[in-house]
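To start, the structure itself, in structure tokens.
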């Protein structure tokens, strides 16, 4: 399916020239051992402003820089985000747990059934399988055992789709607010910030791999189908869509939990001591000594857990009436209430009578 020769081709990993097989490659040879021939080109960058090519099988004229600095700008150095990520503590991130909200009505069952079908299809497409709940000690068949390459393929594919719901919901609520000439009561900002956060997950993983044409084609098809499907569904039932995203984030928390366990148990040796990309360090404000791929997975899992809570909470509200509890000021700030931080996490969401 993939070409087998030609170092100038973007999709294949070819042996590096002899003059480069020395100390220059030492930081990354471990990270990419066994991954040659992958449609994803693994590379490791020690610093964001380094021009040194630690690993790449693509000739210089074919390399596509995903994080190129601004061009033809005399005064602008970089773009600064408006949405600063809240600081998560190590204790908060390690307390995140797998959880499931039981379906209570037909809307919940539609959302849950759709998520389970999509999970099955995605697992099939990415060659993923984990032990069933209650059977964590059972060894997964060899063909389904995850490697660094398989994990990053799965992460990239999932994150390209995960940023769609927040953008669609925010866009439709924005248009609704304009059309009805009424306030949105804080929903738009939270939904757009969620989409932005998911995109930052993707950009972080793109520092570990460069997708080939087949992955890009899969993403194009999945995004086209999912965007339009979610668009129509949100017009019909926003509540069902938020419940769907809540269940989807439950699966995301489960996926990242399994990845963390694999890494901590030594099943992913190439990531054992690999530093997190600079873009991730800056976005999550990672402290010194806590800037590895393992730490990155903990941060992303905490994000997904928060999205799980937010969407389950939004699904519990009256969609066209209630204000967004995550963008609200409360009469008693000392009482437990929804926040953007991970200080308080309710996996199954806040009930309406708890926040409104």
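Along the chain as shown, the residues are counted starting at 1.
Every residue, even glycine, has its Cβ placed from backbone N, Cα and C.
Swiss-Prot names 198, 201, 304 as Fe cation 1 ligands; from the candidate set 159, 334, 343, the record adds 159 to that same site.
Between the candidates 148, 249, 250, Swiss-Prot assigns the Fe cation 2 site shared with 198, 304, 307 to 249.
Of the listed segments 112-132, 175-195, 217-237, Swiss-Prot assigns transmembrane segment to 217-237.
Those residues of the chain, other than 198, 249, 304, 307, with a C-beta within 8 angstroms of the mean position of the Fe cation 2 site C-beta atoms are 162, 194, 197, 245, 248, 252, 303, 305, 306, 308. Ranking the binding-site residues 159, 198, 201 by Cα distance from residue 307 (Fe cation 2 binding site) puts 198 first. Long-range contacts of the transmembrane segment (152-172) within its own chain (CB-CB distance under 8 A, at least 6 residues past either end) are made by residues 40, 42, 122, 125-126, 128, 146, 187-189, 191-196, 198-199, 201-202, 205-206, 208-209, 211, 215, 218-219, 222-223, 226-227, 230-231, 234-235, 238, 241-242, 244-245, 248, 252, 255, 259. Through the fold, the region 'Disordered' (330-356) approaches residues 86-89, 92-93, 95-97, 99-101, 246, 250, 302, 305-306, 308-318, 322-323 of its own chain, all at least 6 residues removed from its boundaries and within a Cβ separation under 8 Å. Here the Cα atom of residue 159 (Fe cation 1 binding site) is found 11 Å from that of residue 249 (Fe cation 2 binding site). Other than the site residues 159, 198, 201, 304, same-chain residues with C-beta atoms no more than 8 angstroms from the centre of those residues' C-beta atoms, the Fe cation 1 site, are 158, 162, 163, 197, 199, 200, 202, 252, 300, 303.
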